[in-house]
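Take a look at the structure below.
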Amino acid sequence: MAEAGHSQHFLDPEVDALPPDTVSLSDSDSDLSLPDGVGVDALSPGGLPGEASGDSGPDEPPSPPRGLPTEAVQPFHLRGTSSTFSQRSHSIFDGLEGAARRAVPAVTPASPGDGGGFQQLLTPSSQPAAGVPGRAAGSPAAQRAPPVPDYVTHPERWTRYSLDDVAEASEQSNRAAALAFLGPQNLAAPGNYMPSFNQDPSSCGEGRLVFTKPTRASEARPDRKRVSRKVGEPGRGDPGVPGAAGGEGPVELAHLARPGSPEAEEWSGPRGGLQEVGASAGVAHARPGSSPPLVETVGFHGSKKRSRDHFRSRGGSPEAPGAEL
């Protein structure tokens, strides 16, 4: 009875007076409800099983679900609308029917609690259907054959190598082969082998060139070495022998003393003075059994002349001659 009331509501004559251009389908429409005067021929391609049986009672079992829709079933169609709306609805449902035909023909029956009248199609897989010959024939990848390798087309350009007759080698076999190769090489080396110049690989380094700093001419001739010291000053080598080795004395300015001054008399005495002592003089003054001196001592002589009037004697007074200002 509820379905009869809905059909009466759809046949309300007030909606028939509306102009046909007022009904349109667009994305911006907020109210997607159908007008009251629009009639529905079929709600689905297969139709509802409950409606096809007419006014069936609630005690009657529902009819079993049918298979996929056939081509004889009319598509979804609305009556009482404008031509623009009809064309749009036809194009939409034609696209849906085309997508359903291209889908995988596997269906899952609905559960009995859902009414038993609806059929759910499985989601089509991402892989293209294998049973569609048009798509496979039109794809360029299926028509293109794999390229022939160059060594098959032009075998004269290639050289074939095979390792079938080569035995697999291990670490022990590699070591044995290396020792067998190096053995004759060591025996073939000559026994009287001499290394090249300055290339002795031994640790002793016999015949190696040693570079040293050259000595000076004065260091190369120690007999001409001159040191200044007092004659009669005991040396460190032999305290009793004057002029012994290691007995260098302080440098004095006795050569600047004036004649007749106390410094000149002191330096001209028997125990002091400036004189050149040779190797023979050292031997003459040396005691019996003592070693001769290794160096000779001479006085210090300056190369620049200095006036002796500017030097004051050690025991002199300002009244002494030569001390006037």
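Backbone N, Cα and C define each Cβ position, glycine as well.
Per Swiss-Prot, the features are as follows:
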REGION    1-153  region 'Disordered'
COMPBIAS  18-36  compositional bias 'Low complexity'
MOD_RES   SER56  phosphoserine
MOD_RES   SER63  phosphoserine
REGION    73-100  region 'Hom2'
COMPBIAS  80-90  compositional bias 'Polar residues'
MOD_RES   SER82  phosphoserine
MOD_RES   SER91  phosphoserine
COMPBIAS  101-110  compositional bias 'Low complexity'
MOD_RES   THR123  phosphothreonine
MOD_RES   SER139  phosphoserine
REGION    145-312  region 'Interaction with SNRNP200'
REGION    192-325  region 'Disordered'
REGION    197-246  region 'Hom4'
MOD_RES   LYS213  N6-acetyllysine
COMPBIAS  237-249  compositional bias 'Gly residues'
MOD_RES   SER261  phosphoserine
COMPBIAS  302-313  compositional bias 'Basic residues'
MOD_RES   SER317  phosphoserine
Integer Å distance between the CA atoms belonging to SER82 (phosphoserine) and SER91 (phosphoserine): 15
Spatial separation of SER82 (phosphoserine) from LYS213 (N6-acetyllysine) - C-alpha basis, Å: 120
Neighbour-count leader, CB within 10 A, modified residues: SER82, SER91: SER82
Other CB atoms, at most 10 A from the CB of LYS213 (N6-acetyllysine): 5
The region 'Hom2' (73-100) [mean pLDDT, rounded to integer]: 76
In three-state DSSP terms, the structure that SER91 (phosphoserine) belongs to: helix
For the compositional bias 'Basic residues' (302-313), the number of residues DSSP places in helix, strand and coil: 3 helix, 0 strand, 9 coil
